[in-house]
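Taking it in order: structure first as structure tokens, then the write-up.
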Amino acid sequence: MLNLENKTFVIMGIANKRSIGFGVAKVLDQLGAKLVFTYRKDRSRKELEKLLDQLNQNDPKLYQIDVQKDEDVINGFAKIGEEVGNIDGVYHSIAFANIEDLRGRFSETSREGFLLAQDISSYSLTIVAHEAKKIMPNGGSIVATTYLGGEFAVQNYNVMGVAKASLEANVKYLAYDLGPDNIRVNAISAGPIRTLSAKGVGGFNTILKEIEERAPLRRNVDQEEVGKTAAYLLSDFSSGVTGENIHVDGGFHAIK
């Protein structure tokens, strides 16, 4: 069993109990890691505080970081460094697109909607990695969440699929760039999970049913299964792994 005691990780992007980030937090918590959390708005903080009561964290630290604001990311990670100290890794589970850009024809995506999805879902990883590096002097691991729609065209995923493709390329270039600093960067391509974001994807129940019928494991995955893979990627057990995209989708990515 992995032991993550004496390890400190920042988790970004927990919206509610269904969030993949919360599944990751539960697994890391069980393995003894010290966790630091970020949130975007005061409303998000209140929800996050309720969830943290379910964990074994001793006085967990929460920091407000809106990834659309450079100063928030810069000041947020600087404050984490001052108050918490050096960290061993970051789990990035942040994505957003306007609901109207997830439906209909992709060619009708607005410029504003396209750039918004890219900014929050992909570029945010770049600036987060840049600022996190400053408090990772001993190296560590950064992990992002993606989806199969970044590799193939998935109905009703549209602009988010393009953003995820960008994110996956982002992971590879960050892995190359930060490798000399002993910082590994990887992605987890999670299967469809009922999260808040999933509500915006049309025909989501049909997608879940197709996974159950066709995936090699004949079932869908859950947040904590993603969390277990995240624990591996954030730990020293994956010390030779970087620039990778690991699928946690019951094997669905491997079939046609």
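Note that Cβ sites are derived from N, Cα and C of the backbone, with glycine treated the same way.
Just so you know, TrEMBL annotations never went through curation; they're auto-generated.
These features come from TrEMBL:
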- TYR147: active site, proton acceptor (ACT_SITE)
- TYR157: active site, proton acceptor (ACT_SITE)
- GLY13, SER19, ILE20, ASP66, VAL67, ILE94, LYS164, ILE193, ARG194, THR195, LEU196, SER197: NAD(+) binding site (BINDING)
- ALA97: substrate binding site (BINDING)
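Taking the features listed in TrEMBL, we show where each one sits on the structure.
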| residue | record | DSSP class |
| --- | --- | --- |
| GLY13 | NAD(+) binding site | coil |
| ILE20 | NAD(+) binding site | helix |
| VAL67 | NAD(+) binding site | coil |
| ALA97 | substrate binding site | coil |
| TYR147 | active site, proton acceptor | coil |
| TYR157 | active site, proton acceptor | coil |
| LYS164 | NAD(+) binding site | helix |
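Of the recorded residues, TYR157 (active site, proton acceptor) and the residue listed as 'substrate binding site' place their C-alpha atoms 10 Å from one another. In the structure shown, the C-beta of ILE20 has more C-beta neighbours within 10 angstroms than that of any other entry among the binding-site residues ILE20, VAL67. The Cβ of GLY13 (NAD(+) binding site) lies under 8 Å from the Cβ of SER19, ILE20, GLY21, THR38, TYR91, HIS92, SER93, ILE94, ALA95, THR145, each on the same chain and at least six residues away in sequence. The separation of TYR147 (active site, proton acceptor) from VAL67 (NAD(+) binding site), Cα to Cα, is 20 Å.
Its Cβ placed at the centre, ALA97 (substrate binding site) has 25 other Cβ atoms within 10 Å.
Listed in sequence order, ALA95, SER121, SER122, THR146, TYR147, GLY149, GLY150 are the same-chain residues six or more apart from LYS164 (NAD(+) binding site) with CB atoms under 8 A from its CB.
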